[in-house]
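*Asks:* Quick one: structure below, then a few questions.
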2 protein chains.
Amino acid sequence: MLTSVFVIVPIASLFALFFAWWFFRQMMKSSEGTDDMKRIAAHVRKGASAYLKQQYKIVIIVFLVITVIFSILAYGLGVQNKWVPFAFITGGAFSGLAGFFGMKAATYASARVANACRTSLNGGLKLAFRSGAVMGLVVVGLVLLDISAWFLVLNHFIPEMDGGYKLMTITAIMLTFGMGASTQALFARVGGGIYTKAADVGADLVGKVEAGIPEDDPRNPATIADNVGDNVGDVAGMGADLFESFAASILATALLGAAAYIDNESVQLNAVLAPMLIAAVGTLLSIAGVFMVRTREGATQKDLLKSLGFGVNFSAFLIVIASFFILRFLNMPNYAGVWGSIVTGLLAGIAIGQSTEYFTASAYKPTKKIAESGESGPATVIISGIGTGLISAAVPLLIIVVGITLAFSFATGFDFTMSQLNKGLYGIGIAAVGMLSTLGITLATDAYGPIADNAGGNAEMCHLGEEVRKRTDALDSLGNTTAATGKGFAIGSAALTALALLASYFEEVRMMFVKFLDMPNELINGVPAIDAEFLDFVQHYQIHLMNPTVIAGIFLGVMSVFIFSGMTMNAVGRAAQKMVDEVRRQFKASPGIMEGTEEPDYARCVEISTRGAQKEMLLPSVIALFIPVVVGIVFGVPGIAGLLMGTISSGFALAIFMANAGGAWDNAKKYVEEGHHGGKGSDIHKATVIGDTVGDPFKDTSGPSLNILIKLMVMASVVTVGIAVSYPLIKPWLG
Amino acid sequence: MLTSVFVIVPIASLFALFFAWWFFRQMMKSSEGTDDMKRIAAHVRKGASAYLKQQYKIVIIVFLVITVIFSILAYGLGVQNKWVPFAFITGGAFSGLAGFFGMKAATYASARVANACRTSLNGGLKLAFRSGAVMGLVVVGLVLLDISAWFLVLNHFIPEMDGGYKLMTITAIMLTFGMGASTQALFARVGGGIYTKAADVGADLVGKVEAGIPEDDPRNPATIADNVGDNVGDVAGMGADLFESFAASILATALLGAAAYIDNESVQLNAVLAPMLIAAVGTLLSIAGVFMVRTREGATQKDLLKSLGFGVNFSAFLIVIASFFILRFLNMPNYAGVWGSIVTGLLAGIAIGQSTEYFTASAYKPTKKIAESGESGPATVIISGIGTGLISAAVPLLIIVVGITLAFSFATGFDFTMSQLNKGLYGIGIAAVGMLSTLGITLATDAYGPIADNAGGNAEMCHLGEEVRKRTDALDSLGNTTAATGKGFAIGSAALTALALLASYFEEVRMMFVKFLDMPNELINGVPAIDAEFLDFVQHYQIHLMNPTVIAGIFLGVMSVFIFSGMTMNAVGRAAQKMVDEVRRQFKASPGIMEGTEEPDYARCVEISTRGAQKEMLLPSVIALFIPVVVGIVFGVPGIAGLLMGTISSGFALAIFMANAGGAWDNAKKYVEEGHHGGKGSDIHKATVIGDTVGDPFKDTSGPSLNILIKLMVMASVVTVGIAVSYPLIKPWLG
């Protein structure tokens, strides 16, 4: 049944992996610089590896437990498909592999980038960016590889069925591959987020504030841990986050396509293939885009931003054109409309990035106001940062509202009859795919940031010349800007992906619903004609807003978001406190450290961060995994429906609030450091430093962790749908 | 058709108003103390009156505009009932009157309480508490008066109809009386909240931090404005907030009762009367409770808390018993179940209060931890306060979930068939009534706080003896505890009231739906049999979670909450900045102020706060009023349904987070001031002072304003339901 065009997907995957390997090899060939530079880099690399090893140990245990549970559900209770445990494992394994390779590349690159900056800015930029591209390409490559493999395997093993049920079944199974990626991402983002900020806050509180030594000073025992943190949080964590979004958006859209076009098998196949093909072609265009990024010596900050922007926009522009022809080639009905949905998604991603930049860059009013409010002390800096952050969430929320409304409307051809509902939901899904289609290069710009940051740290610690420092500073500063917009993009794509997942959750329920009614016996063998059964479904499950179990679910969703972010916030506080104690202890026990005659015990600080992160990430993670199961057992499908909407909506808003407030505080501090309001060392500077420290866990721990939460809760509901359908305590159907 | 038992409602109203008058007269008879004391009190009184006058000017303009709009909707477009403009006006006027009397009493009482404390603690407590009871009793008295009057008037003017439609019509009209109260409350809470914190933050930043003079020092020009703020924010604002909750919960429940029992006219009448009677009897019991509050000389803090608690618990315990007999007397079917719903509401209120206390009182771990985190500076105080605040929101959310589930289940007799849905919603409404039934006395404990606070301020400014100061301190400290639990209660009751309002919104839509379908021509004359039409209704309006307009609405609801609280937060920052500038100016221009030889220009500071508050409250208020209208026009009923659920759920969570974080910071500071972690003047103390300042707008401006937002958005949707039903741009019915 497969059309030959599908071959593009594995080909794009192999291309991506090949170029990742090639960029890696090129990078490894360049020199790592002086012995000092090598030594520092080795410290960071060792710390990062130690962290990853520790994390994977825990993750493997969690995966074993969940796999056993899934096996019981599938083979024991029969409320789940028998392929699920396997799809779950590969998803997790592939995501873990991507994190491993990405971080390897980043930690090998930093000293080499610093060294390249000794000769030229362009050399440094290219090396840093292409090392970041290793992460970007490994992520998209492995996602496409896993999707290709499973699609071929399941196509072979799932028997032919009438009425388009085969593709429904295949895509429904494949979606659970996302659950593995979600679980892996949970630990990478939450653990990495806690790690990086415990180290950062700890290093700053004692180093900068108490001892009065600058950032990245080699005398600070926590400085290596801080640099390791950039890698485990911003490289591995961000990578796992977007691995999940990329995979889940493609898979959810495939399932929604299978459901929407179930009445015509050839259209159905093309609707399933469309998201995969768009992601594949986007990947090829991303590789081309990476080669476009270059700059000239003496480039200004604006030039550098343009260089990166050119690569990203090049890929985005071409995918807009390419996707039109892909859809036309696939002969999709209303292909212009579906194309409109894709463009909507891409534009929404760009718009969210722009709004993030407006609210967090010191070139604009909001951040300037925050810096200005430092004149009446730290309290007003915090108040105005929180006020601005809260308001800033409104813009991306509005963008998402406009985005889903347009994506839905385009895909239905503005025909709002019930029979078009599923096509509209497919439109929302494919908008998410559009937004993420050029992930290969956008993720490269994200991973570039911490590499440049670490290169700067390496240069600082090894006392390289001022010219070199200036170059690494330029690269680092560029990384800060891309980090802010990257965060906005990650959250926006997480929200859109979560909505697509929510829509596919309802499809999964519908498949179970048929089983529950004891129509055809096999879950996977009997799927009702979608349109006709829709009202039955809504009536049966009463997922409407007058049902108190739906309302209860919404409240519980908001609750999950608040408790999860509160816990991650407190986790940073506690872990940072341990770091503070350790640094103080080292300064006291070995006075030689401050005199520069004795090397501090970096490894001990790395270990403290590692252990703190591992310990602190467990409880919030368990909560995130268990709430959907418990709500499903108590309130059934309506409760889950409410839970997920409550989580997605409030989680998205809180994540934006936290990311933007944190980013704005960071840049308000930098703005003062540039000489405004009295500059470095002034009282206003001190006030903004406090704002920046508060913002650290906002923007790098709790905020990004919410991206994971909103996707994971839906995924966990998808894979445990059998429980919610079959065994709710409070029967969800009022009637 | 009225049964004679209804007479209890106006009687309770007159009793409440009589005792309010009596307590006021008693208080006025006692001496105001020395000339100094009189002078200070007069300053505060003048400032408060000036503020109120200014605010009412703006409110009258807003009311004129809205009344014109309603008149056009009612008489021009015919999408609204013709009584609505009048009900709107009386609601607003009565709420305004209650605020006026309550604040008069409070501002006349403060010096008298200080004076009474010169002789005895018991005298001071009784005087302060009974002056607070003036506010409590005026609020409940005027609500009951308005309800009685409208019920009698409408009963006379609305013609008899078949099938229980007359009561549906009456209660639907009466509900719009709540819109007047909502609008009045919006300005009282938002304006008052901005006023009080602009003055407080401004006074602290210059007085305590820069000039190093203590709180309530007469040399601080902003100190009178600060005291005025307690009255306009905590007395008038809180009063208007709970006026609205009290009125709206009774009226919404009456409408839900009329809908739920429409098939049996005598049961229907009793279901409508039940919430009114319970509120009336609760009011009589509250008056009795007020008389129970007394203490003995040398009472400890615990004794004082017990005294207040005894009065409140006395009333609550008796209403539990009384309401059982009321329901039995009314011959309600399943009266034990409905009684269970009432008890659930009462218990939920108590539980939320308890959880507030746990998270904000320095006797417990969370607040102690925040104080402890001051050891690594202000940044960690902020981080742990926010972390704790976020987590603390989980408990009340869970309480509300359990509360609505139980209230719903009890009222349906655990029969979850469709025909019972309306009875369940009635159960949720009557739970809110139960929670608020003894408002007369709970509000007295709230209003008591600022009176005691002002008495303390008066004693401080007039340099009364240490013994007197000790007594006023004891009363003030008691007020801080009741303020925290009072806030929890206000938010909890707001959430439950908003949910009852949401349910009645759907009833209003159903009534419009009939009109829309051109069944019987008159909106008020034709109401469908509830059970039979329900599924039609849900199908027709598609208020389910697969409808993208519902999802868009939910996102917009969350957006409203974030933008509203961000704006109120920034408003405080800006207004406080102006106050800081003015105080600095006065200190500079008149050096005699600091030497104590020159009286500062208090009036100027009062004026600055007043003008700042009036200016800053307009934009957020306009947004709150317009968003429901705009969403109704664009997305129709499904959009509104989503909007309201998004607003209620995330607004409730954010309000709790802000109130608890603010309260915990406040008490962490006090805990340090008691001598822990180095006590007053230590670095840790300074760190916690910063936390406290950040917490001020959290707990007294943005948090409480959200109570209003969640109720007002529903009310605004209720009164503009005709627009959403008749003129949506995106047709909400998919099919």
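Just so you know, the numbers here start at 1 and follow the chain as drawn.
In case you wondered, yes, glycine gets a Cβ from its N, Cα and C as well.
Since this is a predicted model, take the numbers as computed values, not measurements.
Heads up, here are the entries from TrEMBL:
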SITE      B:Ala483  site 'Determinant of potassium dependence'
TRANSMEM  B:6-24  transmembrane segment
TRANSMEM  B:58-77  transmembrane segment
TRANSMEM  B:83-106  transmembrane segment
TRANSMEM  B:165-187  transmembrane segment
TRANSMEM  B:242-262  transmembrane segment
TRANSMEM  B:274-293  transmembrane segment
TRANSMEM  B:381-412  transmembrane segment
TRANSMEM  B:424-444  transmembrane segment
TRANSMEM  B:488-506  transmembrane segment
TRANSMEM  B:550-569  transmembrane segment
TRANSMEM  B:617-637  transmembrane segment
TRANSMEM  B:643-661  transmembrane segment
*Asks:* Is it true that the transmembrane segment (B:643-661) and the transmembrane segment (B:83-106) have 3 or more CB pairs under 8 Å, sequence gap of 6 or more?
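*Replies:* Taking Cβ pairs at least 6 residues apart, the transmembrane segment (B:83-106) and the transmembrane segment (B:643-661) are not in contact, as fewer than 3 fall under 8 Å.
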*Asks:* Considering only Cβ pairs under 8 Å, which range in B:58-77, B:83-106, B:381-412, B:424-444 makes the most contacts with the transmembrane segment (B:165-187)?
*Replies:* B:83-106
*Asks:* Under 8 angstroms, Cβ to Cβ: which one of B:58-77, B:242-262, B:488-506, B:617-637 has the largest number of such pairs with the transmembrane segment (B:550-569)?
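*Replies:* Result: B:617-637.
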*Asks:* So, do the transmembrane segment (B:83-106) and the transmembrane segment (B:424-444) meet, by the test of 3 or more Cβ pairs under 8 Å (sequence gap 6 or more)?
*Replies:* no
*Asks:* Flag the pair the transmembrane segment (B:381-412) / the transmembrane segment (B:488-506) as in contact if three or more Cβ pairs fall under 8 Å (sequence separation 6 or more).
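*Replies:* In contact, yes.
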*Asks:* In sequence order, which same-chain residues at least six apart have a C-beta under 8 angstroms from B:Ala483 (site 'Determinant of potassium dependence')?
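*Replies:* Residues satisfying the criterion: B:Asp234, B:Asp446, B:Gly449.
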*Asks:* Which range wins on Cβ pairs under 8 Å with the transmembrane segment (B:488-506): B:6-24, B:242-262, B:274-293?
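*Replies:* By Cβ pairs under 8 Å, B:242-262 leads among B:6-24, B:242-262, B:274-293.
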*Asks:* Quick test of the contact rule: Cβ under 8 Å, at least six residues beyond the ends. What residues does that give for the transmembrane segment (B:6-24)?
*Replies:* 101, 104-105, 108, 130-131, 133-134, 137-138, 140-145, 147-148, 151, 273, 276-277, 279-281, 283-284, 286-287, 290, 440
